[in-house]
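Enquirer: Once you've had a glance at the structure underneath, I'll fire off some questions.
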């Protein structure tokens, strides 16, 4: 038996991935098919796809795979030489690789290019084992699906897999994974997934701590792969910027653009906690748009050393940070340094506001930017009046004197909060209010039941003063309870009449408690809501307080695909619109229409559950109570909130989701259904499906095996008949139905169409376009324009059908679809091409009736006559001859039985009769059998024995290794010889593959059908490698058919 020491990682490039995003990292010098021998001197050659670039000689299982089986670094190759006919050797320090080309000319081309590439790399250190730049982490990891542990190296922008430590030292790897399209996700205490567009790599670390280290290293590599080093190089050209301004960690790649310091990632996380009004944190690598040439010059001219002459002039050695400082120490130090200004150098004019402003106006006319930084953070007003009528602000004055760096610093600090934490001149702290409210005892659970007026409520005297909200019994002399305004994370307003008092609101705190207040006076409650909201909102979110919100507060968030720790944002929910204020991502502060969400997911545990919105914004809260309140309101706001079209859940193109999904389903499965839309479905199923769509259309996915075409068509019709005001609107419907001369009808319809609301217009265009496609197949489905109009006229205009004018309008809209909706020829042809393609695909999947005449491959070929004696070999031969395909040497063409429902296939033995197969629900495909070479080698060399994994029920069951005895009896443990299940080999039908929804543990599965069993006929088995699976297939085939498999 041949041993192949390479590892096959099943992966193929998706057609949806751009070519320039491929994971094959370098431009290839040459590619092509070569044959190679496995190690240990075997004479059997294996066909492999080979690529050569400036770094590696790689070989792949086939030309579609993205991840190689082996990669040989150019620097490790000692020599390349021709040996014998069509062969050449690649000699490394510890191993010789033997390849064979199709001709001597092809062999000589490969040898020449390899020798030239080696010569060009000759000046490189030839004993280097890692050519991937800085290494973040390396070591042994278990890759699920592989027998032994692999050695993995995480570099700056990629991951390299080696078979073991020894091969890592030699530099001979398995494959490299480019991280620019990767993402990492923790899946278990010790497990995590590295996901690429081509494959999910599931790794298991030895400990939970090691897993965390690997995950962080991979996230760092992803950030590096997505980043640009041009800004970093410029900023680091100033030597003092190579160390973090706060903890002295090396190679800091973050900065506070308003405080003018370069910082490391750990310190950047603590800077974000200060809020963007204190520190604006930006990445040197990823936030490319922020880094203008002037801002870069500011950081080069100042540098961390000069900036710390101001910020860290008085740091006691006992309080100084180091790179290993804890998060707690780091947080306290950074808060004291920048928020309180504890260690700063105090300007001689400190405390003299007028003098500071005058000094600032004079200094911005010079190039002393350190003085400007000192003046600003010692109290000078960045927007003070300069007493120059033509240049009233420091910014305009600096511009007048062409001091561009001064302008940059001033602009970066126009919204900075310069005040000390101990000085009570923040506007929020100056808000005061006093009055009486009824209060319910605080709780740690959501309030889901109506609270009566007598249900434990206390008439409390409430006071808001100096940032403290206090409440207590107005008849008691005891001091009241107190809440600091910074402890309030959310305020929610209940609909009138929710509880015993008409108007109530809820306060959520950092202690994860909920406080309910209420009164019958709407103005009194409104005043309290406004003053509390004003006191909790920071400067950059104060405009949210002017909205008519039902919930407002702060949550953690991640913008887009950020790999950094979450920032703190403020959010206000107004109807179905979520208004975000994201201090660190101003560009993401676009209002979110929850009805138009593409996706809204809720997951996580009870302590930390995030929401994922629009695939671009992740919001989360570690406070369970706060999150549950937000989750409920967002879920409710994202659903249908009325009965009109515009009040439904919509797609990005303003079409109700229910309409789009029904149209898509019918286009896919019902274009040729006779009487589509005319036939009635099951009324109860239609009602149930419509109700589910109206509750949450985003969660409904139509599937062929679960939904009938006529039921879906009935659901769409009933939706249009019931929708409030209809598609044409009650106001405009009479104009649509009015009698117009035929020559003016198209322009009349165009005018009416343009006056419809955007959602109605988009919906009508989508529906008429769909009906236009339906009538193209009227010769099959018997639904021409007139028949469709009879159905949809009364439905869309919501009439009783006695007046034919509604049907006439719909018929004319379908007939003149192109001019009315201004569809150009290219759009139309593309749409019809897509529809025809869908029909062709469906026709290829439909069941065939038993027949002795069967058409294969191309519809232009005459059908093949299959009689009871025709074998698979005869059928294959006739198909190849009919299509003029000449098999090459070592090509193994054969017929396959394909079951689309089960997602399986099996190669037919060349003596197997074809008629029973054709009379089943399966499809027959004639193609090359790439596994035959392996099967032939195994049968000639291997005894009949092996092991596999057996699953009779895969969902929810972990994979347990079992012994597979040769009578196909499986035992729970290797030490047991009593069979758990037994079936004669002769009665088995063995297919390659397992249905994906069963989630098999490996890619190399088999579905075994036992014809002798009445129940539980299918058994599912998974092998660890492709070769192992092929060996088992060879065993089954050789026993079932006593003749040769070839």
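Using N, Cα and C of the backbone, Cβ positions are placed for all residues, glycine too.
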Enquirer: State the residue range annotated as region 'Disordered' by TrEMBL; the candidates are 1-25, 26-50.
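Expert: Of 1-25, 26-50, TrEMBL gives region 'Disordered' for 1-25.
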Enquirer: If you average the pLDDT over the domain 'Arf-GAP' (229-353), what number do you get?
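Expert: Over the domain 'Arf-GAP' (229-353), the predicted model scores a mean pLDDT of 90.
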Enquirer: In the domain 'Ras-associating' (864-931), how many residues does DSSP call helix, how many strand, and how many coil?
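Expert: Output for the domain 'Ras-associating' (864-931) reads 15 helix, 21 strand, 32 coil.
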Enquirer: Summarise the domain 'Arf-GAP' (229-353) as counts of helix, strand and coil residues per DSSP.
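Expert: The breakdown for the domain 'Arf-GAP' (229-353) reads 59 helix, 11 strand, 55 coil.
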